[in-house]
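According to TrEMBL, the feature FAD binding site maps to R122, Y124, L139, K141, M148, S149. The feature domain 'FAD-binding FR-type' is assigned by TrEMBL to 71-173.
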Amino acid sequence: LQTMSGNEDDWLALKPQEPYPSQCCGSGCKPCIYDVYEKELARWERAKAKQDKSLLTKKKEQSSNSELNPDTFTAFNISSVEQLTEDTYQYKFELPGNSSLRLSLGQHIVLRGVVNGLEVQRAYTPISPGNAEGYFEVLMKCYEAGLMSQYIKTWKKGDMVFWRGPFGGFPYQPNKHGELLMLASGTGLAPMVPILRSITDDEEDETFVTLVGCFRTFDKIYLKPLLQDLARYWNIRIFYVLSQETSLEKLPWSYQENTYIGRLNEELMKTIINSCRRKPFVLICGSSTFNEDMSRYLKAAGIEENSCFVF
């Protein structure tokens, strides 16, 4: 009997841990961390029923071949850290040789962090081109009270961090939509960038794009040089909506004519939609309240749900 209970303890020690709610990034990943847990639990139950521990050794918790994988976390090296605004950073991660992440447009990857012994996971969308070789870049905003932010703030060049993915994405096809209307709040700009780049890089792609970037102030607009470059293309227009600026006069003159002060409300949405050259297909990315507000304003402006995609 003694050996039996000792054996029970051994098996319990090997039982997979159920994830904490904080470990789920809430982005509808396939597989979700809970799916991975269910799979590992089923494997553990099979092994326990057969009393065969060797059935558990297939478990690949972290892969070291630097290939991104949806099921397991892979370590990547931070090669540079650039501060963009007071609370936003751009991180560059190394890929071995000249390999690339090969993400399709707007796909996100999930970061794992450990803070005070608690594991957290969050989804981020790389802003580097999907075919970038030897590296990928991610835009990250740090929040005062954010668990993941506390972890990210400790990063420096040379650190190893763990990612898995890719997930989601917008099934973009060149020339499928006459015009894309992109509504982005803050770091919600991230999934829009690879799509914009793919349109401007493809001479055959004649899709019109209207990007509306919502930020608090002029200083908080991310990636200004890149956005200025993109706005030079004949088919790309960029508007800014700044909720906490007081007057346009303070802005550089090149921004004055395409910037609105205040919030992106129902009235402004109608103005922007009316200025679109074709009936737009809308991409939305921001906080959940932003996404809900935008969906509501679009409905009021006569844009149906099947003409919208929320990241």
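Glycine too: its Cβ is placed from the backbone N, Cα and C atoms.
Because TrEMBL annotations are produced automatically, they should be read as predictions rather than curated entries.
Overlay of TrEMBL annotations on the structure.
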residue : record           : Cβ neighbours (10 Å)
R122    : FAD binding site : 22
Y124    : FAD binding site : 23
L139    : FAD binding site : 22
K141    : FAD binding site : 18
M148    : FAD binding site : 20
S149    : FAD binding site : 18
